[in-house]
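K.L.:
From TrEMBL, for reference:
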ACT_SITE  Y95  active site, charge relay system
ACT_SITE  E137  active site, charge relay system
BINDING   H85  heme b binding site
BINDING   Y190, R206, Q207, Y208, S209, F395, F396, G397, P398  FAD binding site
BINDING   G275, V276, G277, L278, T279, P280  NADP(+) binding site
DOMAIN    1-138  domain 'Globin'
DOMAIN    152-262  domain 'FAD-binding FR-type'
REGION    149-404  region 'Reductase'
SITE      Y29  site 'Involved in heme-bound ligand stabilization and O-O bond activation'
SITE      K84  site 'Influences the redox potential of the prosthetic heme and FAD groups'
SITE      E394  site 'Influences the redox potential of the prosthetic heme and FAD groups'
Amino acid sequence: MLDQKTIEIIKSTVPVLEVHGEQITTVFYKTMFENHPELLNIFNHANQKQGKQQRALAGTVYAAAKYIDNLEAILPVVNQIAHKHRSLGILPEHYPIVGKHLLIAIKEVLGDAATDEIINAWADAYGVIADAFISVEAEMYDAAANQKGGWDGFRPFIVGNKVEESEVITSFYLKPVDGKEIAAFKPGQYISVKLEIEGEDFTHIRQYSLSDAPGKSYYRISVKKEAGLETPDGKVSNYLHSSVEEGEVLQISAPAGDFFLDTEKVTPVVLISGGVGLTPMVSMLNTVADLQPEKEVTFIHAAQNGKVHALKDEVASTAAKAKVNSVVFYDQPTEEDRENSSFDVEGYITKEWLKENVDIAQSDFYFCGPVPFMKAINAALKDLGVTDDRIHFEFFGPMASLEV
Ligand SMILES: Cc1cc2nc3c(=O)[nH]c(=O)nc-3n(C[C@H](O)[C@H](O)[C@H](O)COP(=O)(O)OP(=O)(O)OC[C@H]3O[C@@H](n4cnc5c(N)ncnc54)[C@H](O)[C@@H]3O)c2cc1C
Ligand code: HEM
């Protein structure tokens, strides 16, 4: 435990570090990767280049430091990050490496202002925060490996079917090479895929939500090909689309994540997705149809138009089997979409539409999509008085703020 003096130093220096937050974490990553290039096998290089990961880590270290004498208060955040860490294979021995380079960065950015007293206090505080992560992650490693059909680390899966779902989204049906059982998962959870691409110096790991209901003999992921406009094309998604064919083997870690449908609750749910954000929602939808066909579901999907609208027939046929109201929004419908009446509403999902069409007072809301889309949905739900305990969301990248 930390003494009172250390706690006071930490709390009084957090605001100073927050001002320099991104500068510190930028120096931190640069030095850490210089000294430990092997960590580039785990970190997403594109997130680094865009500064997303820096913001996420800086934000969490300072949030944790503010609550250093009451880490219980940030346990939900620790839990969410620990799921990601476990899915990536982060181990206890990685923590001292991060701690050492964080202190080096604090010293470098703050200069003389970083006295020995301050540095020692931060070393102690980092130790407490790291221990909290390590112990939560140890339980998760244990649970992942020891569940029925579970495993430790990455396990080889063979691509059974590869199915084009739209011009930009393709599904991969994955079965374990060993032919044994696979772990159950909660609808909304994801797996990590680790790729070795010929000619690349490092492995690349990415998360993909499981897009079908649990209880099958396969896992399904549905991947959007990320085209860069002025930036390079997305590495893993393009490789999966263009180079991974049926019969090839992918390395997969066991399902993870704290974003999942509460299948105990019987009150209505509203599943809202934008673009490829529909993958966890389809898993939830298919699960409700299997397990709780009496539950009221509103499935709202927003896409640009029919060309990029994935899993359309599957959603329509599942909706027909259960108490599901499925509504499709296109903001750029094509002539063909108009002729075939293949969407319900033109434009974006609005607060007014939600107010008129869903049970605001009782429903739980689950949403996922591009960050601006998520910000708009979150703001609409808050304005309509939906309480935080009924708002659930997933980021398809490092966590960010949804404040507008
Ligand atoms: C929990 C979770 C679940 C997810 N589920 C899904 C899912 O179901 N389906 C799905 O398709 N995706 C999903 N994702 C997203 C997925 O993990 C990948 O992020 C996505 O496939 C892009 O990876 P990539 O390797 O193709 O792109 P990356 O190489 O990681 O690039 C990402 C973006 O950065 C841009 N970029 C690359 N280099 C630079 C640079 N130098 N400067 C600036 N920008 C750059 C690229 O153009 C691209 O737009 C999920 C993510 C998470 C965290
Ligand atoms: C107490 C220390 C740590 C904190 C506070 C922390 C915090 C975070 C946060 C906030 C995220 C983003 C989570 C999200 O996706 O929303 C993250 C992801 C990640 N963390 Fe940590 N982390 C810590 C230690 C470590 C260690 C020791 C490693 C390994 C060396 C590590 C590797 C990663 C990786 C690889 C990602 C995903 C990055 C990406 O996809 O860009 N972290 N961490």
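Cβ coordinates come from backbone N, Cα and C, glycine included.
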K.L.:
Relative to the mean position of the Cβ atoms of Y190, R206, Q207, Y208, S209, F395, F396, G397, P398, the recorded FAD site, which additional same-chain residues have Cβ within 8 Å?
P.N.:
E394
K.L.:
Quiz question: given the binding-site residues P280, P398, which has the greatest number of C-beta atoms lying within 10 angstroms of its own C-beta?
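P.N.:
The residue with the densest Cβ neighbourhood is P280.
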K.L.:
So which recorded positions out of E137, Y190, P398 end up within 10 angstroms of V276 (NADP(+) binding site), measuring C-alpha to C-alpha?
P.N.:
none
K.L.:
Within a 10 Å radius around the Cβ, which one of these recorded positions has the most neighbouring Cβ atoms: E137, E394?
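P.N.:
Counting Cβ neighbours within 10 Å, the top one is E394.
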K.L.:
Identify which of the following recorded positions, namely Y95, E137, P280, place a Cβ less than 6 Å away from any atom of ligand 2, and list them by sequence position.
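P.N.:
Among the recorded positions listed, those whose Cβ sits under 6 Å from ligand 2 are Y95.
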K.L.:
Relative to the Cβ of G277 (NADP(+) binding site), which residues of the same chain, six or more apart in sequence, are found under 8 Å away?
P.N.:
F367, C368, G369, P370, F373, M374, E394, F396
K.L.:
Could you tell me which three-state DSSP class F396 (FAD binding site) falls into?
P.N.:
coil
